[in-house]
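Asker: Annotations per TrEMBL:
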- 52-80: transmembrane segment (TRANSMEM)
- 86-108: transmembrane segment (TRANSMEM)
- 178-198: transmembrane segment (TRANSMEM)
- 694-768: coiled coil (COILED)
- 978-1005: coiled coil (COILED)
């Protein structure tokens, strides 16, 4: 009690001192005491202002935080009796603590001594003069207690006053409390504003609820508050349960505004808290529907609202007094629409001109907000609409990117038909029903491929005629004739032959280029023609070259007989090749014609089926307009039949086709069956007798089918004759190659085992030397990697190069996406329409091309930049080689390491030499010196070249060292084994050469075979020969390399034969095989292939003898009288 009285007395005294100090007004007095009081008064005011406003700001900040907490928890607190009252008491307690602790107590504890001490702390230079003067002055007033000299006190006060005048008392007070309070206040206001922006409706509801409790309660913690006229509903929570098809999970939103927004068919489970006790509650939906709510604890309400349409709802409650009131707040219900799917065609995404048997590669995508059910291709030909399902989805699929190969041959299209198509997608909406989305409609226009195909067949027939004339010239104008002893005469006759050779080569080119766009072209026919052209060109060029060399070697005009005989041997080879070519081409043309007729017959059957449908429809509906359509269709069928019969009769008249087609049978079918049925149908249609017409149509269809069966049988017989023998020979060749490959692999494995065994013995004696060697190489490899990494880093920072490479990449991507052939690049500015690009695309492409050209010119101005560009292209390959070298060195594979090191040394030395030359060119041109980065890069490349060269030298030295040790470490048994392996290798080499001869013979007889397989066998033979020599020379490592190389070549040869076999298989399937380079029908597009092709064997295209006689007759008819005897001898030899 005594302590409390002392503290209270102290606070009162401090308060009196502060009041006196603040009321001190002796501003005019110049006394030292007045100066001290004014200084203390100034500091006191600053302390009070900082403390008061800082404390008030802190109290308000705390109040805002408590308000937000109360607003979000008010509804929850209402669930518990006295919950809000306890919250109010807690808030009041916190505010009082902060008020007293931060604001009131600090202000009441202020006195003069504390102010003086505060000044002393700020300015230590006062040396306690101020506090001492205050204390002595206070004691001086009590004269009984003072024992100090008054003069001394006066001097001390004067000293304190003097020093105070020199000080800035404005900065004595620490402003941290004020700053802290204001900062918290600003933060709390901003936080409240942010929260209010996102939860405005919730705060608008709950803040009135919070303060409404105070206004309606008699006291905190007292009895429940009285009922007001308007209910207060808060803490609205909505739990959404979405339709099953949407795939959405249940979602609960707390403290909502009460507004509902959900997908149609969703269930919204609403929970809310009433501001006063209720006995029952319900929701009024759209002022009509009533949804009862369950009530718990007289506060919480809950119910389910089915979201089916847009509208609004409100709450209606019944309190404890039975009073029914409606919440004035109206909450909206918004149905989120389930949008239809979006679809688009990604490729080709434009109208196309195609062939009726093309395959259109469609690329499309579809997306939906809640899920796709199915995707279809819808197309329309004429007035008939069809749909083809592409994808169906059982699981939720929001997005789908798909492709579809659309074979147009199934649509039975005719030239000039137009097909409209689009992608159609349906969603999985089970509430409102599936909705459909459609892409943009595109069109396919059908090109007349039949006419183009027939033109190509005519070109092939022309090729045969020209080849026959060439054969005639070669037979008539023999080089060993006495007239050719004159140089001038020989050259004149050969010039005539060369002109015909040029015509044949041009025909070959025209046919092959045309076949690239011919969807009816047989796959194997193209490759056979390609290979025939190459063989023909090789043999004719060989003769021309031989004649040119011979003529250059002759000084005068007389040609020696020995030279003429040598040239005649070469011309005889040309005669043989041309003869084989003519026989094969004629057989191939006949097969193509027969396939064309069969295709026409199949189309006739389809037309007949269409006609029969028209007749049935006319009988059922009685629509006589269909009669005109049926007659028109019948006329088309009749014309097509006559044309087909004419072609069949022409083919059957060829003597070599009588093995497959019976001309009398064809004629009988035409006269007795088909034409009779056609006439009967015409008469029935003219008389309106649909029943008779239908019966006649069925009979005609049966006759057509019978005829087609016979032609298919003929085609199959021709195909078997054309291909089967060659297939058997190829199978035998593949078996022989596989057997030889297995034997060579076994030999290589045994040699490798022996090498490892010998190397192991050598390694044991040279282990330390090898260890030191490989450690040294590792360091050099590391240095080489650093040099290359530094070069790569500079190239990545070279802005000019990177901009050029980026532009070039964009140009390639642009042209690649639009399938622009390379031949159009040079013509871009002359004719933009060639590429089929839009104006925007053409402008973009032109801009990229110009930019690429400008950057290329800028790079070419500086030879060093050209070198950097070249290095940038070659660097990735060098890095890969370096990585392989590092792996080989780790595995101690010295031979392989040496090969890789030589490649790296070649590249780095090439770079370094070019850069040194460019630097000299720069100096000669008087250009600026190299930059620091360029100089550093050139040094790195120079160092890389030196390091790689040292690695090569070291590897060569160690390899020589190991070879010497290896030979020394070989036992007599090892040497005998090597001799045995050498003998085996010689045996396999001979087998390879035998296979080469067989393959040469097969290739000469079968145009489907190219020379690649034979070339691979020749290289395999050379590798085997090298392996044998190395085995005899006890070079095991070298022998292993050669054996592996021979294995690779055997594998390549086998693959070449297999590829030729596949070509023949595709040819046996029939016409219309896809060509690997065929694109869309664009005029002017020319492409070619360098791939070589193989052809059937001798018997595969062996024609009847009468066909050979037919060729001879044609030749004899066109020859002068004096050559008949010469030809007669040749023809008789050819027939025999």
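The backbone N, Cα and C atoms fix where each Cβ goes, glycine too.
Unlike curated records, TrEMBL annotations are generated automatically.
Could you tell me the structural context for the features on the list?
Answerer: Long-range neighbours of the transmembrane segment (52-80) within the same chain, counting only residues 6 or more positions beyond its ends whose Cβ lies under 8 Å from a Cβ of the stretch, are 86-87, 91, 94-95, 98-99, 102-103, 106-107, 177-182, 184-185, 187-189, 191-192, 195, 202-203, 206-207, 209-210, 213, 234-235, 255, 272-275, 297, 299-300.
Away from its own ends, the transmembrane segment (178-198) comes close to residues 49-50, 53-58, 60-61, 64-65, 67-68 of its chain (Cβ-Cβ under 8 Å, at least six residues beyond either end).
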Asker: In the same chain, who gets a Cβ under 8 Å from the coiled coil (978-1005) while lying at least 6 residues past its ends?
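Answerer: Contacts of the coiled coil (978-1005) (Cβ under 8 Å, skipping residues fewer than 6 from its ends): 580, 726, 729-730, 733, 736-737, 740, 743-744, 747, 750-751, 754, 1011, 1013-1014, 1017-1018, 1020-1021, 1024-1025, 1027-1028, 1031-1032, 1034, 1036, 1039, 1043, 1050, 1053, 1057, 1094-1098, 1100.
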Asker: Mean pLDDT, the coiled coil (694-768)?
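Answerer: Here the predicted model's pLDDT, averaged over the coiled coil (694-768), is 76.
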